[in-house]
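Visitor: Please find one structure pasted underneath; my questions will follow.
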Amino acid sequence: MTVFLSFAFLAAILTHIGCSNQRRSPENGGRRYNRIQHGQCAYTFILPEHDGNCRESTTDQYNTNALQRDAPHVGPDFSSQKLQHLEHVMENYTQWLQKIENYIVENMKSEMAQIQQNAVQNHTATMLEIGTSLLSQTAEQTRKLTDVETQVLNQTSRLEIQLLENSLSTYKLEKQLLQQTNEILKIHEKNSLLEHKILEMEGKHKEEWDTLKEERENLQVLVTRQTYIIQELEKQLNRATNNNSVLQKQQLELMDTVHNLVNLCTKEVLLKGGKKEEEKPFRDCADVYQAGFNKSGIYTIYINNMPEPKKVFCNMDVNGGGWTVIQHREDGSLDFQRGWKEYKMGFGNPSGEYWLGNEFIFAITSQRQYTLRIELMDCEGNRAYSQYDRFHIGNEKQNYRLYLKCHTGTAGKQSSLILHGADFSTKDADNDNCMCKCALMLTGGWWFDACGPSNLNGMFYTAGQNHGKLNGIKWHYFKGPSYSLRSTTMMIRPLDF
């Protein structure tokens, strides 16, 4: 309020100064200007126009002013006096203005200081509140930021661990992939080599196939020719068989005569030389049996026209006993794929697998008429036999040709041995009636004829592997042409036993 009154008082003084110290400017159409110089500052006031005499209004103003002087007398030197008077008034006004200014400055200082202090206090309180709020918010945000940072660190740790695991897995996978790539490269190389070899083999096979095809055609031509020749030979054989029957009868009669003569000679020898008879008591196992030895086992016999005695196995149990074993198979421990000389003189052990020998069989069957019995057993334990009432073989010049008559038994209604005669063949002596060499193809030594329905000296096969074996121990009319038997025994006994 004090400041407002001071400004009002200042405005009144300025108005009075404007009326007292005014002048017109001829350039501005009669406007009045009042200029005041105070120190370095100059103040110019533009006063409005008045119709009346300014003196009266000035006088009225002076009447209300506490600092006024007596009006000067109007004289000839009125203008200079008036100017002096105005200057004096201006000095007074200037002093008043300075006082007012000082007063205002002093009051304004205290009031401004108070206002500033209040403003500072209010502002400080507000700032404190704001600061407190900011501190609390900052603390909360710091806590949240710490939590977020912790979560980020945890997540980062998990991601780093997972990344490490993934890196290890990737390394392992890369290592495995590299190994597999190397293996694939090796396989490709092997495949290339195999493909090259296959191509070479295909070329060779093609050449061989062409060769085989040509050979097959040649064989077909040859078979056709052989078939025709065989048919012709069969016709000749039938004619020869008819002629041979008469010869066989004559031969049998001669053999009976020879046997009778041998018996007479034997009796004469027994009567004349007792000690010598003791050294050669048995011609075969029938003599052993008749001498009172009825247990199966190995005995020594003395065969006519043989320089030394021979150990043989005598079967005293089957069908009355007295059987001389000439062949036995049971376990495959002995190889029967042998040559002509071995089959001639025999091989093996009489107590196990063995072949008596073609020369001894010929010598025995030349003494008297003999019966042949063949005991068979398959891999399932089934037994059968074939028996021939007349059996003998020719000498070596006749290739130990087989002669049989009167087949009976349980090993098939038909005989698996050739009844009309067949020569003995081995791997080094091909005497069969086939171009294929049966002894090499079917193995062993046997009376093959044209690779006929039997071969008891073939390869031995164990149970489970004995089916589909053309080169096994076979007896066609007992188990078929490709079934290999487990056990066989060939034995002979005199017909008149």
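Keep in mind that glycine also has a Cβ here, set from the backbone N, Cα and C atoms.
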Visitor: Could you pull the disulfide partner of Cys285 out of Cys265, Cys314, going by Swiss-Prot?
Guide: Cys314
Visitor: In Swiss-Prot, Cys438 sits in a disulfide bond; tell me which of Cys406, Cys451 is on the other end.
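Guide: Here Swiss-Prot pairs Cys438 with Cys451 via a disulfide bond.
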Visitor: Rounded to a whole angstrom, what is the C-alpha distance between Cys314 (disulfide bond) and Asn122 (N-linked glycosylation site)?
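Guide: Approximately 145 Å lies between the Cα of Cys314 (disulfide bond) and that of Asn122 (N-linked glycosylation site).
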Visitor: If we check Cα distances from Cys451 (disulfide bond), which of the recorded positions Asn92, Asn154, Cys285, Asn294 wins as closest?
Guide: Cys285
Visitor: Which of Cys285, Cys438, Cys451 (the disulfide-bonded residues) has the most other Cβ atoms within 10 Å?
Guide: Cys285
Visitor: Work through the recorded positions one by one (Asn92, Asn122, Asn154, Cys285, Asn294) and name whichever has its CA nearest to the CA of Cys438 (disulfide bond).
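Guide: Nearest in space to Cys438 (disulfide bond), counting only the recorded positions, is Cys285.
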Visitor: Report the nearest neighbour of Asn294 (N-linked glycosylation site) in space among the recorded positions Asn92, Asn122, Cys285, comparing Cα positions.
Guide: Cys285
